[in-house]
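Q: Take a look at the following structure, please.
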Amino acid sequence: MNDVFLKALPVLQKLTTAGFEAYFVGGSVRDYLLNRTISDVDIATSAFPEEVKEIFQTSYDTGIAHGTVTVRENNEFYEVTTFRTEGTYEDFRRPSEVTFIRSLEEDLKRRDFTMNAIAMDEHFALHDPFSGQLAIQNKEIKAVGKASERFHEDALRMMRAVRFLSQLDFELDKETEKALESQIELLQHTSVERMTVEWIKMMKGKAAKRAIELLLKVKMETYLPGLKDEKPALSEFASWDWEKRTTEESIWLGLVVAVKPNNVNAFLKAWKLPNKTIQLVNKAYQDALKMKETWLTDELYHAGKAVFSLVNELNVIRGQENNQHKLSQAYEALPIHSKKDLAITGADLLKWSGESAGPWVKETLDKVECGVLSNEINNEKIQIKRWLGYHEE
């Protein structure tokens, strides 16, 4: 049995010893059945939150309104959630009310897909009322109950379906795909932040190309930031070899290269990306657009390692030769990597000249920077001083 389950097993045992039901549920059980890496486990129980807190010495109310208590066991923290049913969904994400119950099957009934509605008890026996194992065997993403109801409860589940297709290389069953297509407009009620997370996970999957093809088939791009009417660009984007991707930034650089938005900054901001990512992708955009492979010395210098590495990564994704080693060698061979590496400062110029500060200081440092980069002069203080025409004291 997987070590992650074995380590968490005492949590289940404490709950069952106290007279309650307790199970591993959700993604960890699915991934166990698929022989995928399991990072953490979710635990569901018939014990109500206050009952859970009585059983464990250390606990935290991390989501008690929805039945979740975090408990500590063997110096590890585990989320334990009470079986529950949910009322109507008023904002296509959150239920209007949550009712704690004692029935495992009723709890599993509210979950999104059958492969995520399998429970495992303390003896590692599986409880699978919705045939999730069969769906996994058939490599099928199938909604629990009516797909239209599951998507109406939380519209993000539509993106999750496409993401799982990419990650697992599965297919959507006919009813689920039909509901996805007919209810796709519900996605407009989903926050950008949540969609961005799903987009990144989708692009990291092994079947990203098929996922994008499905996304376009159901017109999901209409509700994604900056992608309305961009079907041709996304088709091109999907054709690249994304299994060669090594960074998240390459996903965003590839997207702007394919879409060519008028304002790259605004396009990326619409996805609520970190400023650091936006700045890097923005800086790399023009070089990536040109599919630059050969870099002059000053181009390498002004781009910096992060930019030329990102451009090279996208070039590889688009089928070009990997020049990373050659570019890195050329970059490391540069005499300086930023103006801060110069052997002189503005203070030196003021001291040598005896003049007041002014624009001339920056202009002179720029001149020295160019001279050092072109190997016209060595980056040594005395040589630079002579080169500028100042006499030695």
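Yeah, the Cβs are placed from backbone N, Cα and C, and that goes for glycine too.
If you look up Swiss-Prot, you'll see G27, R30, R111, D154, R157, R160, R163 marked as CTP binding site, on the strength of sequence analysis. For G27, R30, R111, D154, R157, R160, R163, the entry in Swiss-Prot reads ATP binding site, with the evidence type sequence analysis. Per Swiss-Prot, Mg(2+) binding site is recorded for D40, D42, and the stated evidence type is sequence analysis.
Where in this structure would I find these features, and how exposed are they?
A: Non-local contacts of R30 (CTP binding site) by the CB criterion (under 8 A, 6+ apart in sequence, same chain) comprise M115, N116, I118, G132, I136. Look at R30 (CTP binding site): DSSP puts it in a helix.
Long-range neighbours of R163 (CTP binding site) (same chain, six or more residues apart, CB within less than 8 Å of its CB): E198, K201, M202, G205, A211. According to its DSSP assignment, R163 (CTP binding site) is helical.
A coil conformation is recorded for D40 (Mg(2+) binding site) in the three-state DSSP classification, outside any helix or strand. Around the Cβ of D40 (Mg(2+) binding site), a 10 Å sphere holds 12 further Cβ atoms from the protein chains shown.
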Q: Round to the nearest Å and give the CA-to-CA distance linking R111 (CTP binding site) with D42 (Mg(2+) binding site).
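A: So the Cα of D42 (Mg(2+) binding site) lies 13 Å away from that of R111 (CTP binding site).
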Q: Neighbour count, 10 Å Cβ-Cβ cut-off, for G27 (CTP binding site): what number do you get?
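A: So the Cβ neighbour count for G27 (CTP binding site) comes to 16.
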Q: Around R157 (CTP binding site), which residues of its chain at least 6 apart sit with Cβ under 8 Å of its Cβ?
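A: Sequence-distant Cβ neighbours: D112, A143, R150, F151.
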Q: Quick check on the binding-site residues D42, D154: which one has the highest count of other Cβ atoms within 10 Å of its Cβ?
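A: By the 10 Å Cβ neighbour count, D154 comes out on top.
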Q: Can you tell me whether DSSP puts R157 (CTP binding site) in helix, strand or coil?
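A: Note: R157 (CTP binding site) is helical by DSSP.
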Q: Compute all pairwise C-alpha distances among G27, R30, R111, D154, R157, R160, R163, the residues listed as binding CTP, and give the largest one in whole angstrom.
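A: Farthest Cα pair among residues binding CTP: 21 Å.
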